[in-house]
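Chemist: A single structure is presented below for examination.
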Amino acid sequence: MSSRPAISIRSVSKRWTPEGRAPVQALSNLTFDVAPGEFIVLLGPSGCGKSTLLYMIAGLEDVSGGAIFCDGEPVTEPSAERGLIFQEASLFPWLTIADNVAFGLAIQHEQPVRRREIAIEMLKRVGLGDMLDKKPDELSGGMRQRAACARALAMRPKVLMMDEPFAALDVQTRSRMQDFLLQIWRDSGACVLLVTHSIDEAISLADRVVVFTARPGQVKTIVPIDLPRPRQSRDPRYHAYRDMFTELLADEVERAFAEQEAG
Amino acid sequence: MSADVDPASLSPAEPERKVGLVLSPAWRRRFATLGWGFVSIGLFAGIWELLWALGYANPLLLPPPHLFLSDIPGTLQYFDRSNRIGSVASGGGVLALLLTMGSTTLRVVIGLTLGFICGVAVGATIHYIKPARNLLLPTILLLAPISPVAWLPVAIFVFGIGDVPAVFLVFITVFFAIVLSTGAQIESVPKNYIHVARIMGATRRQTFWRVILPSILPSLFMTLRLNLFAAWMVVLIAETVGVGTGLGQITSMARSTFNARLVFFTMGIIGVLGFLSDWGLRQVQRKMLWWVAPNQGASR
């Protein structure tokens, strides 16, 4: 690839210092690149710091060591170019769906008419074209998450980050949302970083899967998923990937457990 | 939600009625509430009347409703149109009654509004500006538990006799509660709301006005409603002592002239006003804070 990476993560580490206790090493010495338009899944046992990495790329958390670059520029503060979607949609209940989607545009002083146009366009794209003036709590969980997607997309981000976005949804909704996400990803041309602890989610979505070790989180390995989309879970190669990830994670989950037991 | 649809209206077994008056479930519920209201008050008044008829309730001390409501024109002449202490009642009438009710209500409304706005402003300042917190918070924590009634002499010393001490007492009633609740509510705004605002590039000011304030307003409004009845109590006490007109002044005058009918008549008016103002606040809440479910909150 000729172009420079969309994101490069260089020896990044993160330490927490809880009040009155010894500092905790959450992440240590992470290094990898994300190509423009690439779909990366961060997979690891819970508590390994993969979400923390997203927050640092978003600019919401500081790095304790190393540096993160976005388009060659060091990340120092949040930016709408790096959209972040949470496990809960976190839509503002006092705004209509359209106003929620247009929130970032309003912050940036876009004209009201233009704001509405963009909100309509984005909501149509996520299949919520007839929900413009509904309240967030009138929508189902999956719809709310799509609206949150539209809110991030309205800012035309170069990077779309998602912190276990489908974990709170039921299984059927979840698989529909994954299809939807792939479509959004293709349309927008943004690169996607998605955090999950679901092996199936990783295999069905990712170009490459970054596997994390238990705490302190490090890159255990990076696995490219070499399967054509749409990916069928019946495919024997899919099974091979699943077995591989299960094995990779089993050690880490065990280590995380042992550590928790030790206190 | 559609969950509370009356199951009877869905049942297919019910043949379509041809009778003219068919009410929607919402209206039926409203009429039921109203009906039970009448039954409840009627029962209360009935027992009182019965006690009077049996000779247990002395009509001079506890005149039953039919006595204190029978001579309304006579009662109304005690209400005065001028806003002065000790002015001789000059005729009274319905207009004077409305003026009296209006001036008491106005004191409550002004006091609550000022208390709410100043409370949020001071609460937010304390939360965001560290020197302000260090300087103000200890004093506020010291003053907050003092009963508003204890402020009455201070209010009269500082503001003299007039409308201001009454408004001031209402202000005090809500101010400290709102100040303290504002800080707590800002603490509990979901972190992700703030994150969304930061990612979208909001300044601190934009974050406050567009995210923090709307997300804390519903609970602050609830604090306001909880303190509404306290505000009504306090305004009457203030009027008894320091203001020339108002319902508190009438009650005080009725007590000192041993006019039991006037006492109960005024108590009735005060009850109705208190009820109406809570209903009014609920309407304001419905209009301004439309994203909060209508049944959420206190005194329902």
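Glycine is no exception: its Cβ is also placed from the backbone N, Cα and C atoms.
A TrEMBL annotation is a machine prediction, not a hand-curated record.
Residues or ranges marked as domain 'ABC transmembrane type-1' in TrEMBL: B:97-274. Residues or ranges marked as transmembrane segment by TrEMBL: B:34-57, B:108-129, B:141-161, B:167-186, B:207-224, B:230-250, B:262-281.
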Chemist: What stretch, picked from B:34-57, B:167-186, B:207-224, B:230-250, has the most CB pairs under 8 A with the transmembrane segment (B:108-129)?
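Modeler: Out of the listed stretches, B:167-186 contacts the transmembrane segment (B:108-129) most.
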Chemist: Using Cβ atoms and a strict cutoff of less than 8 Å, what residues sit near the transmembrane segment (B:262-281) while being 6 or more residues removed from its termini?
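Modeler: Hits for the transmembrane segment (B:262-281): 63, 65, 68-69, 72, 75, 78, 97, 101, 104-105, 108, 221, 224-225, 228-229, 232, 236, 247, 250-251, 253-255, 299.
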Chemist: Do any residues of this chain, six or more beyond the ends of the transmembrane segment (B:230-250), have a C-beta under 8 angstroms from a C-beta of it, and if so which?
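Modeler: Sequence-remote neighbours of the transmembrane segment (B:230-250) are 78-80, 82-87, 99-101, 103-104, 107-108, 111-112, 148-149, 152, 155-156, 161-163, 165-166, 169-170, 172-174, 262, 266, 269-270, 273-274, 277.
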Chemist: Could you tell me what the rest of the chain brings near the transmembrane segment (B:34-57), counting residues at least six beyond its ends with Cβ under 8 Å?
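Modeler: Sequence-distant neighbours of the transmembrane segment (B:34-57): 63-67.
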Chemist: Please report, as numbers and ranges, the same-chain residues at least 6 past the borders of the transmembrane segment (B:141-161) whose CB is under 8 Å from any CB of it.
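Modeler: For the transmembrane segment (B:141-161), the list is 85, 168-170, 172-173, 176-177, 179-180, 230, 234, 237-238, 241-244.
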